[in-house]
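So the structure is just underneath, and the comments pick up after that.
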Amino acid sequence: MLQRNVAAVPQRSGTGSSDNPYLKHRGVRGARFAFSSVLAVCCVIPAGDGQNLVTEDVTVVEGDVATISCRVKNSDDSVIQLLNPNRQTIYFRDFRPLKDSRFQLVNFSNSELRVSLTNVSISDEGRYFCQLYTDPPQEIYTTITVLVPPRNLVIDIQKEIAVEGEEIELNCTAMASRPATTIRWFKGNKELTGKSEVEQWSDMYTVTSQLLLKVGREDDGVPVICLVDHPAVKDLQTQRYLEVMYKPQVRVSQNYPVQGLTREGEPLELTCAAFGKPQPTDMRWLRVDDEMPQHVVVSGSNLLISNLNKTDNGTYRCEASNAVGKSHADYMLFVYDSRAGEEGSIRSVDHAVVGGVVAVVVFAMLCLLIILGRYFARHKGTYFTHEAKGADDAADADTAIINAEGGQNNSEEKKEYFI
């Protein structure tokens, strides 16, 4: 079969069949015309099962270098060649007939043909064939897949400046990628969920993800991040900082008295603090449900009453406003009698004295109980009687009875002692 194919190849004058590089594949280098004529023959070699050839698929990012390797498991010095997706010979052994200089020989031996392809583009994607000239011929293919990272990543925000409580729309677009990009959203460190749409243009994909976000004052200055997940690129992201306007937050604090009661005849000083975006431009004090007393002095954010009296009782309000809205904070004033704090301190002293006296009395009673207990413990069970006095000194029982009877006659001497 191989000889018949070779015989059909036209030969240039002066070059015999014995000089044909296809028949004498050890001497390829001096016969370029004859080799170029053989290309058509190579392309029609019937494919075997590729059982002796080994290769791997290649995935490469556009613009990078792809390496194709055709390896022989059990080499018998047969010819190895590499063909492109159009079945044009890239390398025949270590010779490159293809004019594309991006293909370069990396390694050639009886067991391997390894070729690199620089500056890979999408047009290079497809099947590349490894052929081994055995009997029968063998063929196996490897697939080059080209990845294209997104060309641009852009966030478009519906409103540059939002107002607290509004829902705004953000769109992130990843253009011209291959395969399609996955877009993820983050607000600070918290991941959010968006809705993506994919458009295909030829072999390229454009992905747009929409995010609806309800903003609050805590979101002001927080970054919203659009992050791309794509096999051709790492850590590709873009971000926009939120700008949120909100109405003032108002707080009233008591400067004097620092602690304790607000009593008649003493001064009272209050301060109002307001924060918002934009910063509040209008701030005022008022008395709720009544007119402000004439002796009250208001200076900017401060309110001063130099001499409190009970007619000053009531609720005092600080209001602040900006372009977004108005807020307020209240202070409830109750004026006590001038001696209210002193009577309280006297009562507290009296309570302390009474408590001390009670403690001393309890301690004294405990000590007395302990002493009495020890005394009774020492004399427990002592009992004396003079009844039958002298019976212990009798020589025998009869004498003892006589002595005891004699003792009974003397009734005035019979006594008992019990302790």
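Including glycine, each Cβ sits where the backbone N, Cα and C put it.
Just so you know, TrEMBL annotations are computer predictions that nobody has curated.
What TrEMBL lists as domain 'Ig-like' is 46-145 (among others).
Summarising the annotation, TrEMBL assigns domain 'Ig-like' to 150-243 (among others). In terms of DSSP secondary structure, the domain 'Ig-like' (150-243) contains 3 helix, 63 strand, 28 coil.
Note on the domain 'Ig-like' (248-322): its mean pLDDT in the predicted model is 94. The domain 'Ig-like' annotation in TrEMBL covers 248-322 (among others).
Taken from TrEMBL, the feature region 'Disordered' covers 1-21.
TrEMBL lists 352-372 with the feature transmembrane segment.
Summarised by DSSP class, the composition of the domain 'Ig-like' (248-322) is 3 helix, 42 strand, 30 coil.
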